[in-house]
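Reviewing the structure listed below.
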Amino acid sequence: MKQPILKRLFWANMLLFPICTGALAATQQATTDSELIQRGEYLSRAGDCMACHSIEGKPAYSGGLAIKSGLGVIYSTNITPDKSVGIGNYSEQQFADAVRNGIRADGSHLYPAMPYPDYAKITDKDIHALYTYFMNKVPASSHQPPKTDLSFPFNQRWGMTFWNWTFGNDTAFVPIKGASEQVNRGAYLVEGLGHCGSCHTPRGIGMQEKAYDHQDDIFLSGGDLNGWSVPSLRGIPRWTNQEIVDYLQTGRNDKAGVGGEMTSVIYHSTSHMSEDDLSAIAVYLKHLGGNPALTKSDDKANQATTVKLTAAKNLTLGERLYVDNCGACHFVDGKGAPKAFPELDGASIINAPSPDGLVHIILQGAQLPSTAKAPSTLMMPGFSQRLNDKEVAELATFLRQGWSNHANKVTVEQVKKVRDSLEQDNKK
Ligand code: HEC
Ligand code: HEC
Ligand code: HEC
């Protein structure tokens, strides 16, 4: 990363020096601007603006992602500096109002599919850097994404005023008293720009996040995303700080591999963040304190299953399906192999309240993202062709109750529901 910036500064200096007499002042100006722009770009990664405002095959930040919400489909907008379809005419104050308060330049309200209740915590300084980056570095694109067209009464954007009063959040970041600077850096990133709570905090009756920061124990205690259980981030007792950093940087660590919507968070956002910031996030999550309800693998409980699978006698249908289809990669002890095949013993996705995420992975497989620090893309094959609903239910039940796991059994109906929704998605 360092090389190109130095090169750019070098050329900026070379070009400016002979031309102006006030060369020094001009160079300093260029340096501050390019540093500011670079910081803004970094913050846009930390805020994951890309994930929602870009789609494949269209210019970066030109919008068009269809976001399914309780109200209907909401399309993200073009936030390139184009003056007709983008935000080219936005002043910095108008940009700040949109990002932190959900109010557009024309005064109309945004839907909270844009996570402004979380972004409310972004400081003025960071807004300034983000604005400078979007206005000066992002290429303008005239691509017009589809317009959001909700049915009555949700098409009445002014109605969001009431939502904001009742459920929204517009409070600035509150540091944790007595905590270190590092913990508070992590808190600022997670609670604000990272908007981690938008998926990891349970939602209430208005689809709002039930809490927006560390002052409430429900914050980051786990959520649900279209049926896929999103794990709690409070303390993550089964992982070390380094394992949290590895996961956020590469999508894998010695125990787990990422799946579902978190894959895009890692690919677009956290894999681009500095080691210091990721460490701060890990330290903050640990600071939130453990949740005793969370599972951790336990060697004693693990033994019984491992011994039975190794002997391979009188196996249940679920156990046999595991040995035949999964054991080659995840092993009879369910421990997998570090940074390649995730540990299934104690995994959040297996012990989640809803089995949908687990069933989804068994049917469809998964692929670890390729990131700068871990470029290989490891595949988990899908088993939708090979296993019927009853077999998947038996296999998933075994996984949720084998080794030291302890979660409810899975029914054939639950498997059928996930299979049907995957088939519908694949048709689109
Ligand atoms: C989770 C998805 C999501 C993320 C992440 C996200 N946005 Fe948005 N954003 C949206 C959606 C959807 C809209 C349009 C909402 C509507 O039509 O009411 C929007 C609208 C906006 C607007 C208003 C533009 C206009 O005039 O319509 C701005 C500005 C904006 N986003 C900036 C950002 C920035 C900057 C970031 C990163 C810090 C970001 N967004 C991250 C989903 C997202
Ligand atoms: C768009 C929704 C979404 C957002 C935003 C999001 N996550 Fe996640 N996260 C998930 C899902 C879904 C999983 C479960 C992944 C799986 O099942 O493999 C997950 C898993 C994780 C895990 C693994 C926990 C475990 O016990 O296995 C960590 C750590 C994590 N997320 C951290 C974060 C952090 C930090 C942020 C903010 C920077 C964040 N997430 C933002 C959806 C999200
Ligand atoms: C060819 C090797 C291979 C086989 C066979 C295989 N897996 Fe996987 N599995 C992987 C890899 C690689 C990942 C990581 C991919 C990811 O999470 O994106 C993974 C991920 C998973 C996860 C998600 C773990 C987490 O922490 O999020 C589960 C659950 C899982 N496998 C279960 C199974 C089951 C059940 C079977 C048998 C039906 C199976 N796997 C067969 C390689 C394999």
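Just so you know, the numbers here start at 1 and follow the chain as drawn.
Using N, Cα and C of the backbone, Cβ positions are placed for all residues, glycine too.
Source: prediction; values computed, not measured.
TrEMBL lists 1-25 with the feature signal peptide.
Helix, strand and coil counts under DSSP for the domain 'Cytochrome c' (35-138) come to 44 helix, 10 strand, 50 coil. Marked as domain 'Cytochrome c' by TrEMBL: 35-138 (among others).
Annotated heme c 1 binding site per TrEMBL: CYS49, CYS52, HIS53, in sequence order. Counting only same-chain residues at least 6 apart in sequence, those with a Cβ under 8 Å from the Cβ of CYS52 (heme c 1 binding site) are LEU65, ILE67, SER76, ALA113, MET114.
Look at the domain 'Cytochrome c' (181-289): DSSP puts its residues at 50 helix, 10 strand, 49 coil. Taken from TrEMBL, the feature domain 'Cytochrome c' covers 181-289 (among others).
Sequence annotations record features per position, and here TrEMBL assigns heme c 2 binding site to CYS196, CYS199, HIS200. HIS200 (heme c 2 binding site) has a Cβ environment of 23 other Cβ atoms inside 10 Å.
TrEMBL lists 313-403 (among others) with the feature domain 'Cytochrome c'. In the domain 'Cytochrome c' (313-403), the DSSP tally of helix, strand and coil residues is 39 helix, 8 strand, 44 coil.
In sequence order, GLY336, ALA337, PHE341, MET380 make up the list of same-chain residues 6 or more apart from CYS329 (heme c 3 binding site) whose Cβ falls under 8 Å from its Cβ. TrEMBL lists CYS326, CYS329, HIS330 with the feature heme c 3 binding site.
For the domain 'Cytochrome c' (181-289), the model gives a mean pLDDT of 92. The heme c 3 site, placed at the center of the C-beta atoms of CYS326, CYS329, HIS330, has further neighbours from the same chain whose C-beta lies within 8 angstroms: TYR322, ASN325, GLY327, ALA328, PHE331, GLY336, PHE341, LEU344.
Listed binding-site residues: CYS49, CYS52, CYS199, HIS200, CYS326, CYS329. Those with a CB atom under 6 Å from ligand 3: CYS326, CYS329. Only CYS49, of the binding-site residues CYS49, CYS196, CYS199, HIS200, CYS326, HIS330, place a Cβ under 6 Å from an atom of ligand 1.
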